[in-house]
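Data first, discussion second: the structure below is written as structure tokens.
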Amino acid sequence: MDATASGTPSIQYHNIVVDQSISTLVVSPFTRQQRHCFGDSIPGEFPLAANPSIVLHVLTGCNLDPQDLAKLEASLKTLINHELSISELAALDMCQKRAIFKPMADDEREALKQRCGGSWKLVLRFLLAGEACGRREKSQAIAGPGHSIAVTSKGSVFSFGSNSSGQLGHGTLEEEWRPRHIRSLQGIRIIQAAAGAGRTMLISDAGRVYAFGKDSFGEAEYGGQGSKLVTTPQPVESLKNIFVVQAAIGNFFTGVLSREGRVYTFSWGSDAKLGHQTEPNDLEPHPLLGPLENIPVVQIAAGYCYLLALTCQPGGMSVYSVGCGLGGKLGHGSRTDERYPRLIEQFQTLNLQPMVVAAGAWHAAVVGQDGRVCTWGWGRYGCLGHGNEDCESVPKVIESLSNIKAVHVATGDYTTFVVSEDGDVYSFGCGESSSLGHSTGADGQGNRHTNVLNPEIVTSLKQVKERVVQVSLTNSIYWNAHTFALTESSKLYAFGAGDKGQLGVELVANQSERENPELVEVDLS
């Protein structure tokens, strides 16, 4: 075909090897009626919406130099009358494949774009960061205070353990020693779960929140809470106008995160107002005021009277803290309470980009993009991993983990677990209830109850011969701790305290705990 004779302007590419008889590459201005062949796309829609991998092919497979790429981009903008760059179009396409982005209206998408910094690439980074932090839409296990929740990759939910408040969601108050499917959630896909003392919250892929157990958003031991028990999952009506993607149950309060990256809290006590003036029994969601009003949050973590928020800004990732500062757990170099979220500046000093944040009862931890692990707060029993029981009022890198690249961290009462890129698990802190997983003695007892001041590899999980991807452990000062380790193939292993059935495995004779990981009979794939 003679490109000149056709009347279509040709585009010259410099580094593409072509046959001598073909010296130009022609991009024809297809009409809207001619573009219906690209999958399910609307006629006239740019084919990236059907297959974004075309961008990767052009950028990596066509050997384009900068001049070629500039001409290609300019021609595409002219042909499709679109102002977005190729990379922005590709980012938008990838955003449209994310579960929480799909149902958003155009104006909601545009508002999110502006909130993230005015770029679809930044929106994509925000969405991917949130998925990575919370295993959203992936299998997960939650070790709550006395009870446990397991979510399959398809969104089904199993619960087991203590049920004195109906927190298992089966319509009864009877304990369950084996994982039991919550059948009343049939047809609802759950993507995230949170467990507190006597209470459970589940988040659906439609952004609805279902709660059951104690009829309050605070910790069960708090005297100002309601006495009504809810034994089956019920939608939280006060949240029906907020598309929620994560919940975090702390002591005396609960926080939820919206898909736009806004944080709302309930039932904070009178000592620290957490950015708004609410009463302890206030069950209405209130936005977290202060600096985070205009900064998108990708993950929240709740501890004893404090909240951590991982944010995603154009300049990078950062962590804010608010609430009670006892033990230095807010990370600001003091033990002062903070009524409004405050940036933890130490990460900039350390040149560390936080990627995952965890809030224990009295201490906190972060994993950086480079795999470094930082801890701070009350170091009782060695839960900070620095070889002592000292408090640290600003984040401090765990030097003994410098030879590994961490990808995940979990914190409990006075315990911490770190998962490496290779799937190895390290633990340190309080050894009570065998929840650290260390049992090295010939008699099977070993040092399972010994406090560990420095990170030690959990050798009992090495014997599983599978890569661990998530660890969850009890985060309550009122309950003996138990721990879950989830593998890449969605197998769940449990150890620690099991006196209420929270391990999901049978105990023999007078046992009250398991010192070695036991496979839980539940299919989370």
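In case you wondered, yes, glycine gets a Cβ from its N, Cα and C as well.
Automatic prediction, not curation, is the source of TrEMBL annotations.
The domain 'RCC1-like' annotation in TrEMBL covers 139-473.
Break the repeat 'RCC1' (155-206) down by DSSP state and the numbers are 3 helix, 24 strand, 25 coil. What TrEMBL lists as repeat 'RCC1' is 155-206 (among others).
The annotation repeat 'RCC1' is assigned in TrEMBL to 207-260 (among others).
As annotated by TrEMBL, repeat 'RCC1' applies to 261-313 (among others).
Annotated repeat 'RCC1' per TrEMBL: 317-370 (among others), in sequence order.
Feature annotation from TrEMBL assigns repeat 'RCC1' to 371-422 (among others).
With DSSP classes pooled into helix, strand and coil, the tally for the repeat 'RCC1' (423-489) is 7 helix, 23 strand, 37 coil. The repeat 'RCC1' feature in TrEMBL is assigned to 423-489 (among others).
Confidence in the repeat 'RCC1' (490-525), given as mean pLDDT, stands at 91. Under the heading repeat 'RCC1', TrEMBL lists 490-525 (among others).
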